[in-house]
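The structure under discussion appears below in the form of structure tokens.
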Amino acid sequence: MNVREEIEKHFRIYGEEKIGKTVRFYVVPLSPESEIRKLLHLLSQSYEVGLRYQYGEMVLELKEIERKESYLTNIILFIATLITTTAVGSTFYGEKINLAGGLMFSLAIMFVLGSHEMGHYFAARRWKMKTSLPYFIPFPTIIGTLGAVIRHRGVIPSRKALFDVGVSGPITGIIASVIVVLIGLQLPFELTSEPTIYIGTPPIFDAILYLTNYQKEAIHPVAFAGWVGFFVTFLNMIPVGQLDGGHVLRAMLGEASEKISRVVPFLLFAYGFFLMMQLNQPNTIWFFWGFISLFFSMQRHPKPADDETPLDLKRYAVGVIAFILALLCFTPVPFYVT
């Protein structure tokens, strides 16, 4: 591919400079925005691409992507998260530390979170998007991690690609969570002390308890890892900005999705206030996510290269099913204290 020739099909180049490994073209657009987005997607297969205004001039920046990708950071974060989740999980078995039990919880929670991200990864690879492997985030929370993320580079090629990448993670995560819950409910677990924190259960979790005829009050930490997977799925499917739900809704409705994204944060705030008044407990998680969704809703969703071609009916149906499944993962009161 002759890069300059491709650029000149859509821009008039009146200046060029090279700074290190980055080439800057000073350009005037000649083509419609939709055609320029397609060009940026084409260029992003080989370059890190940036198109921006600088001092009143439009600048197209290209930096060659290093072909040799290092996975050292992924490995270090994976090991660190394995340690933090094992440490936290080992405290779930009563007064004595249970490292073997903690490792079981760690493997379960990392399988659930990793499956979610790998769903995104393989969908992105199918569309030939530049995507990293998951980065796990170790952190001393109640589960020992803040989850995992993957990194996309370049322009999303189409609304179909945006939809496939957005919806694949939650659906894969739900399947992994169901598997983990079913395994966890088969494992023996006895309480050795009176719990002080209880978890609410979403409809999908209650359905599994009913179908397996589970009668005990407590669940094994492995099953709790599956519960976390359901909860994370619901949070990710909140339809705002760069969350999975925001990607799916943007692919389904186009720019009209932004109107819904602006309303969602205030619904979360209202629900948080409702719980505070009804239960006399703050349930700050919904206020917290209200602020997060407000932040995301204030940022416009990047347009795909092909933003004109709508989704097919099959994808619309899958999108509706995905949002229904997300609602089945909703826990009205995730945690409450006795």
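Even glycines carry a Cβ here, placed using N, Cα and C.
Copied over from TrEMBL:
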type	residues	note
TRANSMEM	71-93	transmembrane segment
TRANSMEM	99-123	transmembrane segment
DOMAIN	104-277	domain 'Peptidase M50'
TRANSMEM	161-185	transmembrane segment
TRANSMEM	218-239	transmembrane segment
TRANSMEM	260-279	transmembrane segment
TRANSMEM	285-301	transmembrane segment
TRANSMEM	313-337	transmembrane segment
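Panel annotation: around the transmembrane segment (218-239), residues 89, 92-93, 101, 104-105, 108-109, 111-113, 116, 143, 147, 169-170, 173-174, 176-185, 187-191, 195, 199, 201-202, 204-205, 245-246, 248-249, 257, 260-261, 264, 268, 289, 293, 322-323, 325-327, 329-331, 334 of the same chain, lying at least six beyond its termini, place a Cβ under 8 Å from a Cβ of the stretch. Counting same-chain residues at least six beyond the ends of the transmembrane segment (161-185), those with a Cβ under 8 angstroms from any Cβ of the stretch are 108, 111-113, 115-120, 122-124, 126-127, 129, 152, 204-205, 208-209, 212, 214, 219-230, 232-233, 236-237, 244-248, 250-252, 304, 311, 315, 318-319, 322, 325-326, 329. Here the transmembrane segment (71-93) has long-range neighbours at 99, 101-106, 109-110, 132-145, 148, 192, 221, 224, meaning same-chain residues at least 6 beyond its ends whose C-beta is under 8 angstroms from one of its own. Sequence-distant neighbours of the transmembrane segment (313-337) (same chain, 6+ residues past either end, Cβ-Cβ under 8 Å): 160, 163-164, 167, 170-171, 174, 196-204, 207, 230-231, 233-234, 237, 239, 245, 248-249, 251-252, 275, 279, 281, 283, 285.
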